[in-house]
Amino acid sequence: MSFDTIPSKASFKPKPFNAHVSDEDLRSFQTHLKYSRIGPKTYENLTTDVKDFNHWGISRQWVADAKQHWETKYDWRKTEDRINSYPNFTVPIQDSGFDFQIHFVALFSKKPDAVPLALLHGWPGSFLEFLGTLDVLREKYKPEDLPFHVIVPSLPGYGYSNGPPLDKDFNTEGIARVVDKLMVGLGFGDGGYVAQGGDVGSFVARVLGVNSEACKAVHLNLAIGIQQPDDVPMDALSKEEQTGLVRYNDFGNLGNAYAREHGTRPSTVGLVLSSSPVALLAWVGEKFLQWSDESPPVDEILDSVTLYWFTDSFPRAIYPYRQFFGPKPTFFHPDAEWHIKKPMGYSWHPKELAPVPKDWVAKTGNLVWYRGQTEGGHFAAMEKPKLFVKDVEDFVKEVWPTVK
């Protein structure tokens with residue numbers, strides 16, 4: 001079945017894209033991986049519990065086992081085949097004098113009233129986070145009855161998208177402008193679209209909900225940075241929400257040490273982690289293990305690390321952290337400037353980094369739809385794609401008739 005029919009109202013002419021690294025680059029990577037050393041055993045890396053924010057990070061044993069699997073069993077070509085099983089495109093977009101080439105994966109619908117939906121990833125994720133979601137939708141629908149035009153961009157600086165600029169600053173608001181230009185250029189400017197985001201994508205979605213006329217509604221699965229409102233006492237929260245706040249506090253106290261490094265020393269950490277695949281594996285692998293409910297399969301983690309390696313995107317992708325954890329930090333979600341007046345939805349997951357209670361999130365926008373899940377973590381679409389699709393379907397079904 002073909003989901004690659006560009007909408008007739010599109011002003012852009014997206015160019016088909018095929019994910020492929022050369023045999024030479026693949027051999028070079030395999031050699032580099034083979035000779036990348038793992039550091040010595042220490043008390044910390046022998047006794048750490050990666051799931052606990054109060055412990056010391058990734059274990060040496062996990063890194064050693066993952067490295068061996070990466071060398072002997074992992075198949076990047078198989079991952080490329082999976083990527084290429086979906087319609088992939090690139091399109092030129094200019095913003096502030098810089099020429100972006102933005103990559104996106106899409107499922108275009110042939111249904112006349114299909115709702116345009118932008119799914120926005122974050123770090124250490126990528127468009128790969130949503131492949132499970134696309135699997136669910138492709139299995140459930142045909143192009144003729146798919147209720148969405150699903151657009152999954154690689155954000156500027158991530159994966160197969162270029163940028164950010166080398167001669168000027170770039171920020172979250174800039175990402176939102178590029179995403180909005182993408183959606184409008186694909187023909188969704190008049191009727192509008194829905195933005196969905198987690199991690200960095202949650203900040204982008206919020207900015208779109210405030211700044212973009214074409215963005216009609218926003219669904220979030222992360223709302224980090226929000227603190228307890230004066231009129232919402234703790235005893236008004238459910239037991240699950242109170243438990244979630246313990247995790248939120250632990251992350252705020254110790255779990256976000258990595259983010260301060262990203263935000264204050266992006267040059268240093270970018271250069272260090274670009275020099276060794278094992279170093280990148282340890283840094284990124286820790287986050288997928290620690291931030292998820294059930295640990296993802298090692299192949300799924302290696303997909304993301306390998307994509308970062310081949311696209312040199314780790315040092316290009318951490319620039320948003322300068323806003324979140326730099327000298328003048330902003331988290332967008334708690335700021336009155338970014339209060340969303342349009343319909344907003346929120347899905348709560350118990351193992352999210354910041355399982356912020358519903359009533360707290362409601363203070364930051366027009367919260368008209370909410371669902372509290374009993375499972376799932378930070379990577380909602382990747383961990384629980386069927387639940388994720390259900391949430392998005394139900395949110396859109398409820399709010400879209402009110403914004404058309």
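Glycine is treated like the rest: Cβ placed from N, Cα and C.
Taken from TrEMBL as is:
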- D199: active site, nucleophile (ACT_SITE)
- Y321: active site, proton donor (ACT_SITE)
- H378: active site, proton acceptor (ACT_SITE)
- 14-130: domain 'Epoxide hydrolase N-terminal' (DOMAIN)
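Across the structure, D199 (active site, nucleophile) and the residue listed as 'active site, proton acceptor' are spaced 8 Å apart at their Cα atoms. The residue listed as 'active site, proton acceptor' is 17 Å away from the residue listed as 'active site, proton donor' when you measure Cα to Cα.
Around the residue listed as 'active site, proton acceptor', the same-chain residues at least 6 positions away in sequence with a Cβ under 8 Å from its Cβ are G198, D199, L222, W291, S292, H349, K351, E352, L353. In this view, D199 (active site, nucleophile) is surrounded by 24 other Cβ atoms within 10 Å of its Cβ, with every protein chain counted. The average per-residue pLDDT of the prediction over the domain 'Epoxide hydrolase N-terminal' (14-130) is 97, rounded to a whole number.
For the residue listed as 'active site, proton donor', the Cβ neighbour count at a 10 Å cut-off comes to 23, with all displayed protein chains included.
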